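J.: Quick one: the structure is below, and I'll ask about it shortly.
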Amino acid sequence: MNEPVDQGHLRTHPGRLFRKYLYSIIALAFAALAISTGFDVWFSYREQKQLLAATQREQAASAAVQIGQFIGQIESQIRWLSRLPPELSTNEDERLNAIRLLRLSPAIAEIAELDSQGREQVRVSRRVADRVGSGIDLSTTPAFRGANESRTYYGPVYFFGDTEPFMTIAARGAGQSPNVIIAEVNLRFIWDLVAGIRVGNTGKAYVVDRMGVLIAHPDLWPALRRSDLSSHADVRAALDGVGPPSGGLIKQDLSGQRVLSTYATVPSLGWLVFVELPLSEAYAPIYASIGRSTFLLVILLACAVLVSLWLSRRMTVPIQLLTQGARRIGSGDLGLRLAIKTGDELEALGDQFNLMAAHLRESYATLERKVTERTSELEKARDQALAEHDAAERARSAAVAANETKSRFLAVVSHELRTPLNGVMGVLQLLDDGNLGEAQRRHLATAAASGETLIALVDAILEYARLEASAETLETRDFRLGQLIEAAADLMRPQAVDKGLIFDLACDATVNTSVHGDPVRLNRILLNLIGNAIKFTPRGGIGLNAAAERHDDHVLLRITVRDTGIGIAPDMHERIFEDFVQADDSIARRFGGTGLGLAIARRLTRLMRGELTVESTPGAGSTFTLEVPLRHAANGIAQGALPPPSRQLRVLLVDDDPVNCEVGEAILKRLGHHPTIAMNGASAIELARDQAFDVILMDLHMPDMDGVEAASRIGKLGLPKLPRIIAVTADVSRSARERLAGAGIAKLVGKPILINALREALEDDKAQETPTPQLAAGALIDLHFLDDQRELLGAAQIEKLHHLLAETGEKLIDDIAKAAATGDHSRLARAAHQLGSAASALGLVRLFERCREIELAAPAMSPVESENAARELAALREASMRALDDLLQPAEQGPIN
């Protein structure tokens, strides 16, 4: 029989649910109180601030009105005097009228009456003796001219005797010959008015004129100094007509104290009345209100916390009892029964828990029996599945190992076969000495053809093995797409002609562009497709079409190779791309081949993220379509005929190295300019004095006189037109540019000289940096750079530079060795510079880089380090020249069979 659980066995402790309820209620209460208090404080703050600003504005406006009324009263009195007809009164009458006006208006210190020509008739003054009929010409005074122009003139404020402020007011009378009344008005009234304005306990008011100069202030000293406040942001804005903010402006006053400021404008004068109250006094009521609100918020929050504790406890205790009971039931205590008496849904939930425990207890016995039966069945199934999995894994491992062994075997055997085959081919070539008979030459040709077939077969198997083993990787660089396609077509065209076939090449203009990709693999695919077309076409012709679609991030190359050959059956269109597969056995016997060419071509195509497809009809020929995405070249590669220069220049090339002179002269001629060579700085100065040059290309490191000194001396020759001087150096650092700027050299061209960089430097007159040449760092020879130089200068010029480098390099190595032996650091650095400069012209990267390092480190080298550096350069030059010799030998390449 189930018994209710003893509530004493289930202890309730404040848990996460309790804290969650508590924190939630407190947060809600706090948020409500804080938002309410915050809104109250914010609106109270805004209302108080606007009220303060409104009060100050009223004070400023009242003062401005009083000042305006004061000035207006003076102006009315002056106009009364100017309205008296001068022809009906004598000068004495005018003097008496002026005296009456002085008695009526104590602020007027002096009155002068001028006729329409600006001559003084009467002057009555409190400060000096009166004058009557003096006739003094005052027509050039600002007061007279201002009154005639605008009927009323208000002069600037000035201080008489540096004690009291005055201003000049002039008014023009009416009639045909109006007189002009000029009055000097004491503004002491404005000082008294400003001093009498009460702004809180510590506030003040002051007045500035329309120029921003202080004219009235409770403290007399700032006004007597005529402090200029026009640079203050608030005064400047007010003078510019910008109205004050509705809540006033917070700024610093003349003493650096933060104040709340407002202002009003005096009508007709453009003066500004500013009223300021320190923030500490202005915001004191606001701060008190915030303090009271904060104190009330804390009290209410404390009450909310207490209420939250009580509510959270009441809500969470039954839930905690349910949680603990469920945990014990879940742990297997199915005899437990919960006794929750809350009279709500929680009590109903407790009853459902009790009912669930009873059902679980009844089901438990049945479940244990079923579990025992199912466990036995599952163990048998598991053992069988594991056995089958182990067998499948062993079979897969064996297949992978067998495939890897096959690929390694093919690679090793193919590589080992190449050595004796190359030896055989070499011997066959040696046997053809020109003295053989016709039969012997025929047998020798047959043997050579068989050897070439074997080498092609070995190359195909080796390529297949690399692709099978996933060892083939792309070697990408910038190259000229149109040139590659034309070269492949030119290589295969003789085979087509020998077979009596027509070879048609149609390249769209879009392929005449520079791209970045793997030209070697792309060339291999093209040779295979063209070679297959020639092989399987008995008669007719072959057509190769090429086009390129330019996109934002790549160029899509599309090449189609069409033939009129035997064609391919539809069911073989995909199978011919499989390994060792040809259209049928008769084709293999008739035409030969391994069936690997197209398989390798498609794998290489997909390695380049492209696709190779075929469309063919038996007896009607085939069309192979190659699509390969290629990236845009980082920099366009100059090719073919270069565009003519904007104007032909006379260029003086100054360099002590003959290799660099040869390269520079060839490039300048290729660019369409007229070069002249100077081998040292002294010769350059003489040539610059005797001939007119547009540009001087100056090498910086030369014996006897370096490029900087030569440039400086050329600048002092007093030439009618000084040529532009462009430095040629491997050091393009910021410090080098700053040092050269002092010698009149504003532009640098890096070594080795690239045609695009030199063309930009010569065409552009602006002093800016040209692209720094980037060789393949760490390589013995930069093959891409050497190819570009060979195409730019021609094979004959490259061969000439090769021999010249061999001769000069040997002399420079001897010079370096002697300099190291004698400890002549400057000679060592100079020779290393010359050797590195010459090496860079043919892309000998490692030699160029090491020469540059030794050139910079030479001044600090010890004798032992100098000798080691000399031996290292000699060995590195020897290795570089051997590699260059091998590269400049003619190479042959055939298609994939």
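Yeah, the Cβs are placed from backbone N, Cα and C, and that goes for glycine too.
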J.: If I go by TrEMBL, the feature coiled coil sits on one of 76-107, 364-395, 588-619. Which?
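T.: Result: 364-395 is the stretch TrEMBL calls coiled coil.
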J.: Round to a whole number and give the Cα-to-Cα distance in Å for the pair HIS833 (phosphohistidine) and ASP699 (4-aspartylphosphate).
T.: 11
J.: Validating a neighbour-count step here. Other CB atoms within 10 A of the CB of ASP699 (4-aspartylphosphate): how many?
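T.: Taking every protein chain into account, the count is 28.
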J.: Summarise the domain 'HAMP' (313-365) by DSSP state, stating how many residues are helix, strand and coil.
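T.: With helix first, then strand, then coil, the domain 'HAMP' (313-365) has 39 helix, 0 strand, 14 coil.
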J.: Using DSSP and collapsing to three states, where does ASP699 (4-aspartylphosphate) fall: helix, strand or coil?
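T.: ASP699 (4-aspartylphosphate) sits in a strand per DSSP.
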J.: Looking only at the domain 'Response regulatory' (650-766), what are its DSSP counts of helix, strand and coil residues?
T.: 49 helix, 25 strand, 43 coil
J.: What is the number of other Cβ atoms found within 10 Å of the Cβ of HIS833 (phosphohistidine)?
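T.: I get 27 for this one.
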